[in-house]
C-alpha cells in the first residue's frame, strides 16, 4: 500500500514517498511533451481553475430563491455541498492522485470496466462540457448588451461571440499556466464586489427575511439550479497530468475550492435576502446586480455586471481547457486518433483538441438549446453514476493500488459515501422531460457509434492511434504494471511544417498529402517532411534523406529515482506481508521426458517464411507449451530444460525424493540385470559373432566407397577422343597411351 494522506491530516507519509507520484511515466521521451516541469500547474492557479470549472461566483444562483424562497435556497446551498460537492471532490481526489494522467474520469472508467466504458464516459462528459462551454459566449454578450445596447442582436452580437471565442482559444493555446494565473485575476475581480456587498449589507440584514418561502414552489428548477451550480468537481481530473506534484496539490486544491465555492454562494445569498425585502418572484437571473444597487448604489451594480462578464471569461477558459485535455487523454488511451494528442511546438498544449472544442462551442453558441442544456445535466449524471461505480469497483478489486490520497473510510463507508449523491443523480434524471430523454439517448447512441467507428478505423489502419496495452491488467487488475502504457504521451514537433511548407516547388496536392499523413501518423510527420523536401536539388546536398532529427529523447532522472525508491518500498512491504499470503503453489516434481526431442527433422530443408506466418511455421524450433520460437538447437535444449518451460508443464525444478520402497525395488532390478544365471556362454558367443559380422560389413562398405571414389576421379581426368590425323597435324599425336592402340 502506498503512503496515504487525508484532507486535514498528517502528510508525513507522503513526504517519505516524495508525493508518491510513482506510476507516472516521464514525458514520453519527446522534447517538451507534457508541458515540461516549468509549465506545471501549482496550487494557487489550480484552485481558481477548479473554482471556475464549478461555479465562477454566485452568478446563476438567483433561480434557487425564485423557485423556493430564501429559506430553502439558504438551506440548499448549506446542505447540498455535504451531499454532493464534498463526496464528488473526495472521489476525484483519490482517483486523480492514484492515476494522475490526462483524461481523468475516462482513465478511471477504462481501467475499471474496459475501453467501451471509457469511451462512453468520454462522450457523456465531453458533450456536457461542450454545451456548457457554448453557453458562456452568449451569456457574455447578454451582459455586455446591458452596458452597450448595440450588442443585443445582429452582426455586433455575432462579432462579439466570435471575438470572445477566438481570444480565449488563443489564451488556452498559450498553456495551462497562463490560464491558471488569468483565472486567479478573474476570480479576485469577480468575487470582490460580492465581498463589498456583504460588508455593506451587514447593518441592513433582518434575519426574519431568511425564513421567507415562495408561494408557488418549482422544485424541478430548484434542484436543477443547485445541481448546475455545484457540479463538475471532477473536471480537474482531466488535467491531472499537468499538475505539479498531484499527490499533494490536488487534494489541497479541492479542499480550498470547495470551501471558497460554498462560501461564495452562501454569504452573498444571506446578505441579499436579509438586506433586501422583495418577493421571491423578482429573483430572476441577474438579480444580484439589482440587489447590490439597492444596498450600496449603482456603482456596485455595474461592478457586479462587469464581474459577470469576467466570470464568463473564466468559466469558458477553464471548461475549454478541461474538455481539450480530455480529448488528449482519450487519444493517449487509443480511444481517439493520435492527432488529438499533438502538442504545440512552443507551449506544448494540445492545439488540435483545443481547436476542435472551440469550433464546436462556437457553432453551438448561436443555437437555442434549452432542452440541450437540460440534456447536458442528464448526460453528466450518467457519467457520474459510472464514475462512482468505477470508484467502488477499484476499491474492491484493487485495494492495494497505490493511492497517494485515500478517503479515510473503509469499503462500506466508501460505498455509503457514493450512495447518497447517486440517489440524488437518479432523482435529477427522473424529473427530466421526454425531450431530455430523447436527446440523451441520441447522444449516447452517437457515443456507441463513435467507439465502434474508432475501433474500425484502428483495425483497418485508416487513422493513427496510440498503442494500448490491454494485457497490462484485466481492466484494472494490473494497474501498477499497466500504468506505463496508460500514460504514454506522444510528443510531435511541428516546427518543420512552417519552414517546409514555405519552401519553393510545393503544390497544393503535396500539402494535402502531408497533412493527411499527419492525421494518420503524426509521430512520423517530421521524417515525412524531411524525406519529401530532400527531393529538391537545392536542399538535397545539405539535408539527409529519411532521417528524423526533429526531436531528442529526454528522461526525467528525478522521476525515475522516485519510481525506484517506491518500488523498493513496495518490495519491502511485500516482504513484510509474505506471512499473510496464501499457501504456495504446489508443483509436481521433475519427471523424465516421455517423448523424443526432434532436432534433425528440419535440417537441410528450405522453407519460405513470411511475416504473418504462425509461430509454428517460422524458422527455428517451436515450443508449443510456451508458444515461442528458438532459433538454434542449443538454446532450444536450454529452453525445454529450463525453469520457465517446466513451470508451464506444471513441474518444479526439484527431483522427486525417492522412498525406501522405491530404492529397494531399484536394487532388486539391478541385481537381476547382473545375475550370472541369466546369461549363458552361447548367448555371449552369439553376441561376439554378431559384432564381428557387423564390423566386417562396415569395412567392406568403406572399401567399396573408396573404389567408387577412385573410379570417379579417373573418369574426370580421362582425355577426350581426338581424331589421330588432327592430333598429328597439331604436333601432339604421340601423346596418349600406346597400349590402347596396340
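Every residue gets a Cβ built from N, Cα and C, even glycine.
These figures come from a predicted structure and were not determined experimentally.
TrEMBL tags one of the stretches 253-276, 277-300, 469-492, 493-516 as transmembrane segment, and that stretch is 253-276. The range from 124-146, 147-169, 216-238, 308-330 that TrEMBL describes as transmembrane segment is residues 308-330. In TrEMBL, the transmembrane segment annotation falls on 408-430 of the listed ranges 408-430, 523-545.
Tertiary neighbourhood of the transmembrane segment (436-454): same-chain residues 115-116, 119-120, 122-124, 127, 335-337, 371-372, 374-375, 378-379, 382, 465, selected by CB-CB distance under 8 Å and a gap of 6+ residues from either end. A Cβ distance under 8 Å defines the sequence-distant neighbours of the transmembrane segment (43-61), meaning residues of its chain 6+ beyond its ends; these are 73, 77, 85, 176-177, 179-181, 183-184, 186-187, 190-191, 194, 225, 228-233, 235-236, 239, 243, 249-250, 252-254, 256-257, 260-261, 264-265, 268-269, 285, 288, 307-308, 311-312, 314-315, 317-319, 321-322. Between the transmembrane segment (68-86) and the transmembrane segment (253-276) there are 3 or more Cβ pairs closer than 8 Å, counting only residues 6 or more apart in sequence, so the two stretches are in contact. In terms of C-beta pairs under 8 Å, the stretch of 181-202, 253-276, 408-430 lying closest in packing to the transmembrane segment (308-330) is 181-202. Within its own chain, the transmembrane segment (181-202) has Cβ neighbours under 8 Å at 44-45, 48-49, 51-52, 56-59, 171, 264, 267-268, 270-272, 274-275, 288, 291-292, 295-296, 300, 303-304, 307-308, 310-311, 313-314, 317-318, counting only residues six or more beyond its boundaries.
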